[in-house]
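Here is what TrEMBL says about this protein:
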- 15-34: transmembrane segment (TRANSMEM)
- 46-65: transmembrane segment (TRANSMEM)
- 51-371: domain 'DUF4220' (DOMAIN)
- 85-103: transmembrane segment (TRANSMEM)
- 110-130: transmembrane segment (TRANSMEM)
- 136-153: transmembrane segment (TRANSMEM)
- 268-290: transmembrane segment (TRANSMEM)
- 310-337: transmembrane segment (TRANSMEM)
- 429-447: transmembrane segment (TRANSMEM)
Amino acid sequence: MNLIPALWKILWDVWNVRMLVLLSLTLQIILFVFGKRRKNMASQWINVVVWLAYITADSVATVALGKLSYAQTNIPNPNNALQALWAPLLLLHLGGPDTITAYSLEDNQLWIRHFLGMGIQAIVAIYVIVMSWRHFWFSFMLILTFVAGIIKYGERTWALKLACHDKSGYILPFYSLAADSIKKEERYKNVLIMAHMMVKEFKKYIENYDIGRFSFTVRRANSEATNSMAKMNRNDDTYSKDVLEAEMGLMYDLLYTKAPITFSKRGCIFRSMSFMCTVSVLVGLFRLIAMEAKWNEQQYSMVDIVITGVLLVGALALEIYAVILLLFSDWAMLWLIKCGRGKWAIRLWQKFPWFFEKKKWSKKMGQIDLFGEEDKRPKWSRILGRLGIQDYKFNRYMHSIPPTLYPVILKFISAAATDNSINLGSLEVFFASTTFGIQMVIMYIITDICCRCDDTCTSENSANSCGHDDDKETCKNLSHYMMYLLLTCRSLLPVVVSDSELKDFIDQARVWFSVMKSKAREEGRESSPSDMIKHFIAGARHHYQEKVERVQDRQGAKLGLVEAMDFFYEYVIIELVDKDNEEVKWEKLKIAWLAMLCYAAISSPNNYHLQQLKGGGELLNLVWFLIPQSHIFCGVDTFTLNGFFNKYFH
């Protein structure tokens, strides 16, 4: 019994190669469009689509090449002679679009595999060409298409190799571009120049990223430019942010696209050759269609002619669109600046702002509210939860980063690098006696309770709370963001709490929090923050049946989650939430969260931050770029800053 109907088999035998080459072109279009969008969009759907297209595209093109070679050898058909032209066109597809060469950093490490694959696929394409050798004009079309395909494939392999081996920033286009004198009225030009200079120096610094041992510096030739930038940053907090965002965009291009070779001399020559070859083949195809007598004589399939035309027009359209994108990219503007046409760049940006990328990265930060009543997960996430495959990662949701947050971070970094400028009071004992993961969980609980109590204040009290509203909102955003990192990226943080312990504590904390609020409603009263925390600790102690031990009896050992909350209830929490006035309380909480954010950024692996660029980036990545470069932006002594972190975190 045949499971597959005979008609289906016939259709597959006739259309398999045709469907594969059209599918290959479709995948290239998807990669071209969405590969660019993932740079500044934190969308899981885009990442999934790009990932599927990326891992499928090469396989589809390879299978199609194999089918073509088999057809030319075993089932020669004069009507299908035009299909031989598809083999070198598939090399164009294997070369991939300019907008994505690597899906992740690990793909750059596999450049040798791509190089060997290019050699094998080129041999297969040559074999198909030789077996299909016909008249001169047709053979000439085959050769031109092969040249265009091998150039495109070579560009991709070359870009992967450069991204893999470059540790000193030498792959940066316009490496010798000088950061000339900065004029205040030319902000767009200044931002690009400084971002280019900083990414060049930061590329060298990444391998030795350690603010306690190595200071981020720039060449003396650029010292005047950095001094001018520092002056402008003092007058405008957003200037350094714009430079960092442009720098993140340039870094993404260097690691995941063909930017390192596109603007090189050899890259321009090869691109011109590839473009001219593709145009010539398309003209040759039109000539074939025009020669109706020759067409009938060779008995070319009308379907094959249409598919060949679609493949050539598609390849040419993608190439033209790629050139348009390049002309309005930051790299093109840098090229104009290098050629002494900086005013042209400014005019282009002013007259055609819609062509330029306004967002260099996603500008998003994840948020997780452990005790939130509203389920803000997407519908598909809740369905997965009912199927028993739910995970904390599905609980995350993205919010735009508040515009006021960056100046707060920059101000904190400057203050933390100044001795005795920050005083956490009783929180110093808390940080010295607990591990980083426990600090995050306990501070989250304290912050959440304080926020809820503050929100339920009477209108008379809330009228006087304007002064600390900004600090409270900062604490709320950072606490939810750090909880997002703890639950979705815990392996990247300096956390020693086990998965099971953390999950059990959080699940129970949600129960205790719900019970605590229910009791308060039943009693018809609003508890103070200290009372709520006291009830919370009582529920935790009852669940774990732990006997609280004093720090002195533990001989310097770090406290656990429950006993840490119980011990510091009297010594830290009461003083923080009851004795301090509102402004002091929120100021201390804000400093604590900013310190934990910065420490998490410099403690996480370097590759993590570079990997995140392919998903639009996030707040932690921006802070990772900022901390060592704050030495340039605002004269921060990073060695002193590192001492501040060592004082509170171990």
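Placement of Cβ uses the backbone N, Cα and C atoms for every residue, glycine included.
Looking at the domain 'DUF4220' (51-371) alone, the prediction's average pLDDT is 84. Residues 17, 21, 24-25, 27-28, 31-32, 35-36, 50-51, 54-55, 57-58, 61-62, 64-65, 68-69, 117-118, 121-122, 124-125, 128-129, 141-142, 145-146, 148-156, 159-160, 163, 255-259, 262, 278, 281, 307-308, 311-312, 315, 318, 322, 325-326, 614 of the same chain lie 6 or more positions beyond the ends of the transmembrane segment (85-103) yet place their CB under 8 Å from a CB of it. Counting Cβ pairs closer than 8 Å and at least 6 residues apart in sequence, the transmembrane segment (15-34) and the transmembrane segment (310-337) reach three or more and so form a contact. Long-range neighbours of the transmembrane segment (136-153) within the same chain, counting only residues 6 or more positions beyond its ends whose Cβ lies under 8 Å from a Cβ of the stretch, are 81, 84-85, 88-92, 94-96, 118, 121-122, 125-126, 129, 270-271, 273-275, 277-278, 280-281, 284-285, 287.
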